[in-house]
């Protein structure tokens with residue numbers, strides 16, 4: 001421990017001697033003093049950049065001094081900057097750039113415009129919307145009329161011989177059939193070889209008997225529209241399949257793909273639309289709904305919400321007819 005204590009003061013003396021050395025002080029002084037720029041060693045490009053930086057510095061100082069001044073009105077002469085008495089005064093070029101907008105234009109007064117003015121009938125340009133068709137009334141529901149009941153559309157098979165015998169024959173309204181005598185004949189003898197026993201006669205229908213209201217029904221059917229005749233034929237096939245036990249398939253709804261032309265677009269559509277665009281095609285569902293004897297026809301887009309709305313409108317119109 002004593003040896004270490006003896007060595008410490010010696011080290012402190014050596015450090016103080018080095019700090020007091022005049023050579024070290026001279027080197028520090030040379031480092032602190034700035035000798036400046038030697039123009040002989042600089043190129044013309046470097047000297048021009050230095051001058052530009054000085055001009056920029058002067059302009060910035062001038063702008064700061066102008067913003068700090070409270071008085072806005074000053075003399076029209078451009079201010080001069082005096083950096084030092086040895087240098088010449090450099091005039092500052094005032095630029096008409098303001099940080100604040102001083103000249104605000106007045107508001108337009110539309111109340112002074114007369115009716116005969118050319119600005120009265122002006123309106124804005126149409127909006128540039130997409131080229132998809134704009135359907136204002138996508139739901140189309142129409143009442144087709146009443147269809148005759150089912151039991152009035154079928155006629156007896158005697159009057160209409162062209163009809164098939166798929167319907168059950170009314171056995172109650174047939175006239176009495178005369179019974180012919182039947183006599184048994186020998187069948188094993190040579191004299192009666194090839195002779196067969198006569199068959200029982202079938203029921204004899206009187207073709208001259210026609211229902212009284214048949215001609216009235218024919219006149220009534222002749223005055224119908226072809227659309228209602230199509231409905232009656234569908235109902236007739238439905239009842240025939242129901243009697244025969246065949247599976248019934250409903251074909252009232254039809255999916256029709258129709259192309260919406262450019263004329264069906266709204267007035268606000270863009271004028272730059274292409275006529276041959278593939279987006280102008282849309283699927284439309286056409287169908288019929290019959291409530292008892294009332295028939296409604298509808299045309300809607302291929303959308304569930306539109307179909308439900310069509311059903312609601314048909315339901316309300318049908319209830320209004322019953323009132």
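Each Cβ is built from the backbone N, Cα and C atoms, and glycine gets one as well.
Comparing 124, 183, 266 with the features listed in Swiss-Prot, the residue bearing the annotation phosphoserine is 266. Record check of 34, 84 in Swiss-Prot: the feature phosphoserine is attached to 34. Between 65, 94, 270, the residue that has phosphoserine written against it in Swiss-Prot is 270. When Swiss-Prot is compared with the stretches 1-26, 131-156, the one noted as region 'Disordered' is 1-26.
Within the set 197, 225, Swiss-Prot records phosphoserine at 225.
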